[in-house]
């Protein structure tokens, strides 16, 4: 009872901390970045990570198995995976755009897990016989960590596509307009100034402004693409290990390495999508490479949710015990 109460307290503390962190991120978006607020948000994420780590350890102790046996536990572990991805660049002192992805992902995942929809799953119960295996830790943990990494990388690709799309719209609108903005020049001065000098000054001014904006947009796109590819590559490795270990476990439990039930089929589709993503990054055309790979990763974002959550709603196949509850009384 004490451990369950402590777990409940840690859950709400971590959720509250991450909610405050997201508020700080939103404040930084509206105003110029404040160093004090940024440092506080990073410390808040560390505190939330320690809370959810303690929560999972406590649940592991009193349940006797790795907390991955039902939807509630897998969502909490997925949230913990988002924290892990967030902590890696933090401890390496690298400022990047992962913060804006991992923090909301962690709070939404954890918020859904602790909502009233999954109240019955908060109490850990005995594992069903099919899950009483040493492969549970290897297979399920690798799959959940791969989902966390692939979701973060896919969201970075979505952000990259949005920025690229907006950049293309700006270029198209500027090409349609054949005049330059007057800027701070007044009409009274224009009457007495030389038209060629004004035109040259305006062109120089606009060219510098365009070059400045294009440079920073290009830098942002390159950073998003770099981090997206790194995180997705890590997630793809985890996914491969998870599928292979699952095949070995399936052979021990069911006598066959592959059975093409819905969960296995969608896991294979997910693996194929991100294999295509990695293949598109080998193209020689850099601009085409970035845009095509980002589109593939964006499609993969929805495929992951179908594989992880959507298939469980059906409640069919050899993984049917994974539909919201993998445990029995």
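Note that the numbers count up from 1, one per residue, in the order the chain is shown.
Glycine too: its Cβ is placed from the backbone N, Cα and C atoms.
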Annotated stretch (transmembrane segment, per TrEMBL) among the listed ranges 122-143, 144-165, 166-187: 144-165
Within-chain partners of the transmembrane segment (231-250) [C-beta distance under 8 Å, separation at least 6 from its ends]: 85, 98, 133, 135, 138-140, 142-143, 145-150, 152-154, 156-157, 256-259, 264, 267-268, 270-271, 274-275, 277-278, 297, 318
Of 44-62, 74-91, 144-165, 265-282, whichever stretch has the most CB pairs under 8 A to the transmembrane segment (294-318): 144-165
Same-chain residue ranges lying at least 6 outside the transmembrane segment (265-282) that approach it to Cβ under 8 Å: 143, 150, 229, 232-233, 235-236, 239-240, 242-243, 246, 289, 292-293, 296-297, 299-300, 303-304, 306-307, 310-311
Integer average pLDDT (0 to 100) for the domain 'Cytochrome c assembly protein' (68-319): 76
